[in-house]
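Asks: Mind looking over this structure? Questions follow.
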């Protein structure tokens, strides 16, 4: 007679011990000398969350604040106080990030340090109202369209009047959804669960972004290891970067899902798990089309695997890799579209970004400069000029991407370099860009751009883009005071890391640009 197995009880006890051990290690790190940047960044995140109640991308009418008699934070002196708290929090978080960056460059930070710090910095932001963007309200309204039997690719939120519509930015109320079926399904899921409750919807939607962050944390060190570069540095660039944490998680952007899925797909592909990698890339495209930039470069990676493992000839390997990748893409995308019950109408909505006019892209910046300098010499219509510069930008993108695809084909490092450059060119020359768009190239460049100059440049650019936008979602690029404050902060960030101590015992990493 056999005795009953106690394996489930043993497994439960083992899991409990593991959780206790991890929490104990996290506590020791947080309270120890290595946890200084983590504690400082946590304080900054708390200030952002507190200040966001009044100065963030708040609702038109906030019954929750009114019910606890805190609505005064949104007006007059209360708004001033909220703004001070929020901007102080941003400054503190940037200081913590730069301080951690100096430790990374000195070789004093580990991957555990990066992961633990991410958890600590993120915790307060999970409770924040949306900051630096009102997009989450549009997401909820678009999800409600699908929930209520309407096609979000055929009608804007205005076609479905409800409580969610009140907080959508006017510019987007008549705009159809420019997102893929996977994200529309996520937004529908949220609105099915919470109904038209904006607060609960915002919190649940933010939680739905967490898998993207987890995938980014998982994939980035693996890509760095595959390329022979420094995992903690890569995590510092693309995960702990306040531009990522504050905008993508604090602001609740679907870029978090897209970037996480895309990076994980790239990591799986370079490790030889090609089918799984292409599936994840396709799901990322079904969140936001930008992830599609990576797909052609991964064909080169798969081609090499077929040649090395199966002895395929170059042309045969290319045709096989391209055909199978295309087949996987079509199949996965068709399934997601069928589940969502939508077609390809979202592709036409991608042009909706032309409504945005700011200096974050070269075409729009060039149009502003030419108009400002030329209006005293000749008559020039700004919007006509803008259409011309944007058309030139699109031509630059259309010419550059195929050239980069062909140029960066030799090995895995080249393929990732090509993806990074392609995404950067798209961000710089697309008709309109927003701060969180810079998370696209950052995620891919993080395992590559690890030379001191590159790290300092990334710190400066990230700081400038972080500071130039306002917590309510507007920007300060037409205010000289705001512009020079952001520029001064960016130069300071660059200098702090450019002059930081050398890494101890760690060989300098390879810069992003490699030779053929």
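In case you wondered, yes, glycine gets a Cβ from its N, Cα and C as well.
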Asks: To which of the residue ranges 257-277, 278-298 does Swiss-Prot assign the term transmembrane segment?
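Replies: It is 278-298 that Swiss-Prot annotates as transmembrane segment.
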Asks: Any residues 6+ beyond the ends of the transmembrane segment (477-497) with a Cβ under 8 Å from its own?
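Replies: Same-chain residues near the transmembrane segment (477-497) but 6 or more away: 94, 98, 101-102, 105, 358-360, 452, 455-457, 459-464, 467-468.
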Asks: Among 38-58, 112-132, 350-370, 414-434, which stretch has the highest count of C-beta pairs below 8 Å with the transmembrane segment (198-218)?
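Replies: Comparing 38-58, 112-132, 350-370, 414-434: 112-132 has the most Cβ pairs near the transmembrane segment (198-218).
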Asks: Could you pull out which residues elsewhere in the chain have a CB under 8 Å from any CB of the transmembrane segment (278-298), counting only those six or more residues past its ends?
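Replies: That would be 179-183, 254-255, 257-262, 264-266, 268-269, 324-325, 328-329, 332-333, 336-337, 346-347, 350, 401, 405, 408-409, 415-416, 418-419, 422-423, 426, 440, 444.
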Asks: Residue list, the transmembrane segment (385-405) vs rest of chain: Cβ under 8 Å, 6 or more residues beyond ends.
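Replies: Distant contacts of the transmembrane segment (385-405): 293, 296-297, 354, 357, 361-364, 366-367, 370-371, 418, 421-422, 425-426, 429-431.
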